Amino acid sequence: MRTARILGAVFGGTVAWYGLAIIADYLFVTQWNIDGGARYALLGIIQFLAGTAAVVGAIKLAGLQPARVGFTTKNFGSDAAIGVAVALVFAVLQFLVIIPATGGAERSDVVANAAQIGEGLGSLSGVLALAILGSSAEEFLFRGLMLGGIALALKGGITGRVAATVLVVVLFALSHGYQGWAGIVDTGIYGGLVLSLLYWWRGGRLAAPVFAHIGWNLIAALGIYFLY
């Protein structure tokens, strides 16, 4: 009964999160003619406020305390510092080794992200806002609700953690399909696997993966804007 309740809440919260984001973006583009930096900044705000509300609501429906899935300030400073360090290491590997060796400016994810960022500072600013707010909201969903929730639903042991991690890796990678295969692989490895392992390593707390996610997205946006 408890397992079904948690899994149902995770599913409902995930559908609500994506539904809110998709509907908001649809309205911005097709009904209100909002595009460029304003579109991405507003989308980040919607994801952070409405998406986080959906996640917290789902956690409550699951009968869980938010702290059980990572919403805690315990060891916040050290977790945040570790998250930033992970982002910096990954950024160095990407921009100095991986991207140049796998297509550079022609890589599908670089092309997709460059088109999103555009050439103006206004568009870049909107993408940076999305990198901060949207990345935080994604971590609350993927690491907090999904990873933490599913693992607890499966009794919280190693088997449950592995199963939850595999599911999150696959879903996180597929959610970035608009970036092509390079984006799917990269986000699956970093945003899916590395950040999930970081979550488990830091005791199931969200601060480290949140800062690692924000850090990499900020660096990636700035790097692509100035280098490509």
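Including glycine, each Cβ sits where the backbone N, Cα and C put it.
Automatic prediction, not curation, is the source of TrEMBL annotations.
What TrEMBL says about this one:
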type	residues	note
DOMAIN	124-219	domain 'CAAX prenyl protease 2/Lysostaphin resistance protein A-like'
TRANSMEM	7-28	transmembrane segment
TRANSMEM	40-59	transmembrane segment
TRANSMEM	80-102	transmembrane segment
TRANSMEM	114-133	transmembrane segment
TRANSMEM	145-174	transmembrane segment
TRANSMEM	180-201	transmembrane segment
TRANSMEM	208-227	transmembrane segment
Which one of these stretches, 7-28, 80-102, 180-201, 208-227, has the most C-beta pairs shorter than 8 Å to the transmembrane segment (114-133)?
208-227
Taking 40-59, 80-102, 145-174 as candidates, which has the most Cβ pairs under 8 Å with the transmembrane segment (208-227)?
80-102
So, does the transmembrane segment (180-201) come close enough to the transmembrane segment (80-102) to give 3+ Cβ pairs below 8 Å, pairs being at least 6 apart in sequence?
yes
May I ask for the residues of the chain that lie six or more residues beyond the transmembrane segment (145-174) and have a Cβ under 8 Å from a Cβ within it?
2-3, 6-7, 9-10, 13-14, 55, 58-59, 62, 64, 68-70, 184-185, 187-188, 191-193, 196-197, 199-200, 204
Should anything in the same chain at least six residues away from the transmembrane segment (7-28) have a Cβ under 8 Å from its Cβ atoms, list it; otherwise answer none.
34-35, 39, 42-43, 46-47, 50-51, 54-55, 57-59, 61-62, 137, 141, 145-146, 149-150, 153
